[in-house]
Amino acid sequence: MKPSIYSLTRQEMIEWAEAQGEKKFRAAQIWEWLYRKRVQSFEEMTNLSKDLIAKLNDQFVVNPLKQRIVQESADGTVKYLFELPDGMLIETVLMRQHYGLSVCVTTQVGCNIGCTFCASGLIKKQRDLNNGEIVAQIMLVQKYFDERGQDERVSHIVVMGIGEPFDNYDNVLKFVRTVNDDKGLAIGARHITVSTSGLAHKIRDFANEGVQVNLAVSLHAPNNDLRTSIMRINRSFPIEKLFAAIEYYIETTNRRVTFEYIMLNEVNDGVEQAKELAELLKNIKKLSYVNLIPYNPVSEHDQYSRSPKERVMAFYDTLKKNGVNCVVRQEHGTDIDAACGQLRSNTMKRDREKALVENVQP
């Protein structure tokens, strides 16, 4: 199976071209065709020799993904189900924000973190996505708009789709550097957010990388007992270890950390828990920000329900009174398979049911 050319960084592209006996500027031409002109085949690279195009075709594909399903919401959200070369499925989501087009990318097939409220973890991790498969998600979303003649450009990226990004650390870092490259898509580092469920040692590594992207931490609870009950990862990285890493990140980068907090009715959404959260954040208030997330119910996790608006606002008001910067996240795509992993999970379920029916037919 040939790799995607998107898996190469610009420096790797230069090294590849030189290994083929080509001049360095040929790599720059290929890079421009891919990321500025956004072609989908090597034959469209009209200033390259036939010999070089043949070498590219022999060693690479352009986009390794196949679009299976597209769901469009009334609010402009678009959810994509993509098929990987090995037949596995992933999700990507485009969200229209007041500041531009934001794409949420997937980094793994399945997830091993085991959050008890999440559709992504219903299917265990099967493999990591490589850098090219992550980049390809952005390129296919952009192609979706290019083909419609819509003069819109992906401006923001959130690495918050299926999987734990820091469990696929090297590929995610390579992806960030590829989409941030000023000769390519040139998506600003401060327009890119990488999320983690709390791999403390990787947060420390990330602090030392020198990348200027944003960090978000899926917290979802203000104490160890509650967090362990809804997020299995807290057994390995309890809040004390997690916050030591977060404080190291802030001291090293002087960058703000966003805390994601999903609102589960009568589980983690009480005023006392808001006070606990404010106390937990007291030493990093100036460089922290809490994102309160309305819960999208998942049929497989029917023990949870969405917090009523009055409970959300009481939680929000308590944080504000205690000096915590926070916001209630705007919802997107509530009229489609909105929860992370839900479209993929529902599609796989339908595919299994279809296969069973076909197998029993005479």
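Quick reminder: no glycine exception, Cβ is built from N, Cα and C everywhere.
Going by what Swiss-Prot states, the S-adenosyl-L-methionine site holds GLY163, GLU164, SER218, LEU219, HIS220, ASN296, and the candidate of SER102, SER195, SER236 recorded there is SER195. When the recorded positions GLU91, CYS104, CYS118 are screened for a Cα within 10 A of the Cα of HIS220 (S-adenosyl-L-methionine binding site), none qualifies. Taking all protein chains in view, 26 other C-beta atoms sit within 10 angstroms of the C-beta of GLU164 (S-adenosyl-L-methionine binding site). The two recorded residues, CYS111 ([4Fe-4S] cluster binding site) and LEU219 (S-adenosyl-L-methionine binding site), have Cα atoms 17 Å apart. Reported as a whole number, the C-alpha separation between CYS118 ([4Fe-4S] cluster binding site) and CYS104 (disulfide bond) equals 16 Å. DSSP classifies GLY163 (S-adenosyl-L-methionine binding site) as coil under the three-state reduction. Put simply, of the recorded positions GLU91, CYS104, CYS115, the one whose Cα is nearest the Cα of SER218 (S-adenosyl-L-methionine binding site) is CYS115. When secondary structure is read from DSSP and collapsed to three states, SER218 (S-adenosyl-L-methionine binding site) falls in the strand class.
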